[in-house]
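Asks: The active site, acyl-ester intermediate annotation in TrEMBL covers 88. According to TrEMBL, the active site, charge relay system annotation covers 205, 319. The domain 'Carboxylesterase type B' feature in TrEMBL is assigned to 1-401.
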């Protein structure tokens, strides 16, 4: 099982404590492998030339997977049973490897946690990525008008810290080779590895971002009230590429009109919006595409707030919350988890490892976790309660994001056609989380998340 960490392609390391694979390996008898890969400017600068082809960080991942094909047998592993799994940008990376002709022969199955190839804002067209690279070079005082050679020569003279901290951050690119085309089109056309996959998301992915961004209504330690105007502003800030009519349509859809003056309703509705746009609906689209080509797909929803969580109850099950449970963190008595949480972690490790071994996450002959079907739209609820399937989920909401919103934008904003939710189509909208917040904030945010949760592990 090969782990690919997240971090918005701007930060991250396999050495983070919560990625410690010893419990997963020892409990389930699997080999757990992780790698580091280049991030930020060093991993994703793009000029369309051999010196900066883009996607270098993804190529690093590919080289690691190729090395495992040649060497994992020496460690007792089977090169025909390599499962890649990752979270957030790591989950998106897994999705890109499923798309890439260069990666398809170096793994067998895939697990995508809170991230897919359709995650909005993490993949740019070539022209926009070149524009971002030029903008970063200009911010560091490098010439950009004489062509990429002089620009890259200047960038090589910069210190690494300046390159990594530069604005705007750089992300994967549709380069025509490693990522040949728009992932949404690739999924529609069946141009991806037809492997079995396991994927899902957490119940409240957006809340941690709202808290650390300091959005109105999300301050820890106080009950801030927000009204409809702040709700609209927050939608603009936290979604990707929406124009004003689309924002209004989304706000209308997600408002509980039985209590339109309830500040808590608006607080929770924004989280549902971000969950659906960035995680839930992309996961269902990915599941549907794999099912249509005959692959078996298992979908989950993780909905448990850890007993040692430092966040308020209303934050719910935040982004990254499932990671300690996948890696067996609750089995460490020093971390302060409950016996029920340790059991949940054992169950999740067994599901993940069984899927890696056989393609079926269920234990023995149990059939608790049913495969995904288009008609059922079901997922396994992962919490400390009894295992159970939930079906018929999010059809209306995902129709909104997959079909209505793009059509509305195309109709009302002809200057900025939207081909799909997976790709930001213009440099003016090329921010990871929307029009109002600079992409650089997300870089610092993810650093804060990793630092914060790592500190919890160390202190507890």
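Please read every residue number as a count from 1 along the shown chain.
Any Cβ shown, glycine's included, is placed from N, Cα and C.
Because the structure is a prediction, the values reported are computed rather than measured.
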Asks: Would you kindly give the Cα-Cα distance separating residue 205 (active site, charge relay system) and residue 319 (active site, charge relay system), rounded to the nearest Å?
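Replies: Per the Cα atoms, residue 319 (active site, charge relay system) and residue 205 (active site, charge relay system) stand 4 Å apart.
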Asks: Between the Cα atoms of residue 205 (active site, charge relay system) and residue 88 (active site, acyl-ester intermediate), find the distance and write it as a whole number of Å.
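Replies: Residue 205 (active site, charge relay system) and residue 88 (active site, acyl-ester intermediate) have their Cα atoms 10 Å apart.
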Asks: Just to confirm my parser: what is the rounded mean pLDDT across the domain 'Carboxylesterase type B' (1-401)?
Replies: 95
Asks: What is the total of other Cβ atoms whose distance to the Cβ of the residue listed as 'active site, acyl-ester intermediate' is within 10 Å?
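Replies: Around the residue listed as 'active site, acyl-ester intermediate', other Cβ atoms within 10 Å: 28.
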